[in-house]
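Record features (TrEMBL):
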- 103-126: transmembrane segment (TRANSMEM)
- 133-153: transmembrane segment (TRANSMEM)
- 199-215: transmembrane segment (TRANSMEM)
- 221-238: transmembrane segment (TRANSMEM)
- 245-265: transmembrane segment (TRANSMEM)
- 277-295: transmembrane segment (TRANSMEM)
Amino acid sequence: MSFRGAKFNQIPTASQFGNQQQFPAHQQFTQPKSQSSVSFNAKFEEYSKKVEDLLDVPAVQKIKPYVPQIGRFLIVATFYEDSWRIISQWSDQVFYLWNYRHIPYVLVILLLLTCVTVMIGGSTLVVLKKHQLYASAALIGVIITQGIMYGLFVGTNFMLRNLSLMGGLLIAFSDTLVKEKKRFAGLPEISTNNDYKNYVLLAGRILLMFMFVTFAVTKSWFTTIITFIGMAAILAGFKTRFACMVLITILVFYNFGQNSYWYATSEAKRDYLKYEFYQTLSIIGGLLLVVNTGAGELSLDEKKKVY
């Protein structure tokens, strides 16, 4: 993403602003272990089914048709924010790239104009579900280009978050392939195209989880455990919708509680929190699309249907 804050060679880190914040003995032999395991699995299945059934209540059904659109907009929200930042702080961006990154002045102008145009145009195409392949590829290209321009590939946080952002774009693209499949459901399907869609969705799920690596290890032990369990479930495609709903809930509370940049008193902190806020919104958007489309055929959920 574009240059932010007082330090020219990295995105600010959270450390600059402070931390954000058995059965009883007499029951041990009352029933065989296998029966306890079966009982736990049955209770978990029942509970997760109840949570997933929340998607079928009338109030949710009314907004369900708009979920893909909302998810797509959230995925590209960070691109809209970053393009606006470049435009509103044009002279600062040019000064930094020219004087500190030593990029020729004319090339700086061309790169910034290209990035802004591609981010606005590509994001709009993603929201409108037009030319998805080219729009997603162009936005991924912007992520890589800006990482090189601003020298951000040395930052682990930048790398993991932007890998997750790429995963969200892949999921948006695979969602379009799912819709196309449903549109022509009565016709024979080319297996290679179906396999392509499944592999794209799997790659998107894997990349989407990278952001949670740094997120989970900085939180309380309870949040860390829940987050890692949710990550494992999404990666394996087991109870995917349930796991996504849990992670979405965690991220929403975290984002509005810890990344409320509108309350920040210093410009540097506001820039950092705004970056975190919109990046997290993009990850939430990717999870929403997974809730909408499911994990795809390369998942345990689909294998269970077969067997």
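Glycine too: its Cβ is placed from the backbone N, Cα and C atoms.
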Open item on the list: With contact taken as 3 or more Cβ pairs under 8 angstroms (pairs 6 or more apart in sequence), are the transmembrane segment (133-153) and the transmembrane segment (103-126) in contact?
Closed with: yes
Open item on the list: Let me spell it out: take the transmembrane segment (245-265), skip the flanking residues so only those 6+ beyond its ends count, and list any with a Cβ under 8 Å from a Cβ in it.
Closed with: 20-21, 51-52, 54, 212, 215, 219, 223, 226-227, 230-231, 234, 271-274, 276-277, 280-281, 283-284, 287-288, 291
TODO: Take the transmembrane segment (199-215) and find every residue of the same chain, 6 or more past its ends, with a Cβ under 8 Å from one of its Cβ atoms.
DONE: 156-157, 160-161, 163-164, 166-171, 173-174, 177-178, 227-228, 230-231, 234-235, 237, 247, 254, 279-280, 283, 286-287, 290, 293, 295-296, 298-299
Task: Same-chain residues at least 6 beyond the ends of the transmembrane segment (221-238) whose Cβ lies under 8 Å from its Cβ atoms - done: 202, 205-206, 208-209, 212, 215, 244, 246-247, 250, 290, 295-296, 298-302
Open item on the list: Can you tell me which parts of the same chain pack against the transmembrane segment (277-295), counting only residues 6+ beyond its ends and a CB-CB cutoff under 8 A?
Closed with: 55, 67-68, 70-78, 81-82, 161, 164-165, 167-168, 171-172, 174-175, 178, 201, 204-205, 208, 211, 234, 237, 240-241, 244-245, 247-248, 251-252, 254-255, 259-261, 301-302
